[in-house]
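What follows is a set of notes on a single structure, which appears directly below.
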């Protein structure tokens, strides 16, 4: 089983750790976070306002974080180059600070003995992989990869199924996205993105997202055919993608439902879900799929122009894909 270090014990770092313990697919052996001491880590891992209390045991013992009886080495280094991943036995590192997202910056982990780095965010220059879409293109010459964004992980599997069957001529995506840590609780300064600094709990905030364009990186045939934007809304978790696209081949809405349902039960099982229930966002909290197609919410104007709706737990679904990508990479060693 691949031995993993986690850099940055924030929302994604903690939930990747949860996903690892829930699934038993990878072995977390080390965690680095300069801003959270050991006893605070115990507390933050045990209690989660969004996903509830951890079902298991968590304690501090002999300077280590012990989860379900497993001792995890703790580092508190600010510079990734100084983290001794090798000493802790970690061969893969999940880079989940949100800070070191380029090949050069994430590459610092290799100095401490890590063999590979998985960036849990989009990257300007690291190759991006989306499970179920282009993960087969991974080869073990790559030392640093990106798991793309939560929104790209929601959109890409759906876009792939639609494009494979009907062809996407062009499309626009909107994600109605839950609050994340980069937003402000009340109005505050926010660099160049003035709107992003407005109070998260009070507003619907139009924002930019590279998620749709990134689909063109993981599905090259769609490069230049998709773009999109986001609305940040005052909910703590779970987001929804609205993909409005023009189809090459004519398709009845029922035809679209059929192919998505087949994909959800076949090649994309566990990644792309399908529901005909009258669901709302809360129903997907702690859901492990990358994307769940909402058959009842979509609409068709005609056989060539459709609006498709897909839900995602932007925290937990994504964190589970980080684990799955590491398992896939390990299978190629």
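Please read every residue number as a count from 1 along the shown chain.
Glycine too: its Cβ is placed from the backbone N, Cα and C atoms.
Site annotation (Swiss-Prot): D-glyceraldehyde 3-phosphate is bound by 149, 150, 151, 209, 210, 232, and the candidate from 102, 180, 275 recorded at this site is 180.
Of the candidate ranges 243-248, 249-254, 255-260, 261-266, Swiss-Prot annotates residues 243-248 with the feature motif '[IL]-x-C-x-x-[DE] motif'. Within its own chain, the motif '[IL]-x-C-x-x-[DE] motif' (243-248) is flanked in space by residues 155, 158-159, 162, 166-174, 226, 303-310, which lie at least six positions past its ends and keep a Cβ under 8 Å from the stretch. Averaged across the motif '[IL]-x-C-x-x-[DE] motif' (243-248), pLDDT in this predicted model comes to 99. Broken down by DSSP into helix, strand and coil, the motif '[IL]-x-C-x-x-[DE] motif' (243-248) contains 0 helix, 5 strand, 1 coil. Neighbour counts of Cβ atoms within 10 Å were taken for the modified residues 73, 182, 209, 235; the minimum is at 182.
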